[in-house]
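S.K.: Once you've had a glance at the structure underneath, I'll fire off some questions.
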């Protein structure tokens, strides 16, 4: 029985929000320690500065703005929607040579080739996804699907990801994401490929399809939902307000979405991200990314164990200035969290779906 309610444990009654316990993550085949009582402890650690609110709409010195000059000397077009260009400082390049053989199994290396692209969501630097229109978000989704198909025609893995906010290492406030296509399956992809294949073999249904159906029925970790998608704080969440975005039908890859599913995806993304910003009334930092079935040579293989999904990993814990650090026990033993996923989901679920900045304008 899952430890989400109350039950007899030894001499007392177990309560997930009061008593520490561990939860299994079937997607990563590991465990997380839940210690919800620790959130009550006084905080005397590091405080973050809230992100600046005075980002200029256009800055000629910002290399992501329309008409600006990038580090390689190229001038951006006067783009009015999304804009994709090769990363000027790529982590992967298509023509890297093979590493030399070290001659010892403890010193192994292998070739790593690929391409890295940057995608601007919008020409304005002072906008983020939750403040964009549904049509503008839909354009981002279309561009994601096109890039996934284009790069996935030859590369086994296409990782679309967004680092939002300086707290997550983002060096530029302009709304954008990155797309890295690699000649190899990264660690997380290999892990999810194995666990999803094992689940299908053992249970006859894709893991995350079954999981979405269970969460839609149970409701306790549900944040937002519509006819095609749902967002939950996963039962095994590690980060305080981590969420998992899941389709209701079996979909292997982003490029397999129907037109209506892209529209409803834009809607549910906007609703989730507004709730995130409203939580602490700040432009909410996070790292997010899409995981789907591998591509390239895998397009000809049976990948029905895969289910498309997006991970959102936000670091904030108590306020706009207090975040969760993955250090000490987390780095040396296993992940640990300070509030239950059910508590996090309830808090997010109860937040309004009108952005706090728009509410302020309406009241002024």
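For all residues, glycine too, the Cβ spot is worked out from N, Cα and C.
Per TrEMBL, the feature active site, tele-UMP-histidine intermediate maps to 176. Per TrEMBL, UDP-alpha-D-glucose binding site is recorded for 38-41, 71, 87-88, 163, 169-171, 178, 324-325, 329-330, 336. Feature annotation from TrEMBL assigns Fe cation binding site to 192, 291, 309, 311. Marked as domain 'Galactose-1-phosphate uridyl transferase N-terminal' by TrEMBL: 17-186. Here TrEMBL flags 193-359 as domain 'Galactose-1-phosphate uridyl transferase C-terminal'.
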S.K.: Compute the C-alpha separation of residue 330 (UDP-alpha-D-glucose binding site) from residue 311 (Fe cation binding site), stating it in Å without decimals.
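M.R.: Approximately 19 Å lies between the Cα of residue 330 (UDP-alpha-D-glucose binding site) and that of residue 311 (Fe cation binding site).
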S.K.: For the recorded Fe cation site, whose residues are 192, 291, 309, 311, find every other residue on that chain with a C-beta no more than 8 angstroms from the centre of their C-beta atoms, and list them by sequence position.
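M.R.: Along the chain, the qualifying residues are 27, 188, 208, 244, 289, 290, 292, 310.
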S.K.: Do any residues at least six apart in sequence from residue 324 (UDP-alpha-D-glucose binding site), in the same chain, have a Cβ closer than 8 Å to its Cβ, and if so which, in order?
M.R.: 239, 240, 315, 316, 317, 337, 338
S.K.: In sequence order, what residues of the same chain, 6+ apart, have a Cβ less than 8 Å from the Cβ of residue 309 (Fe cation binding site)?
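M.R.: 208, 244, 245, 246, 247, 290, 291, 292 - these are the non-local Cβ neighbours of residue 309 (Fe cation binding site), listed in sequence order.
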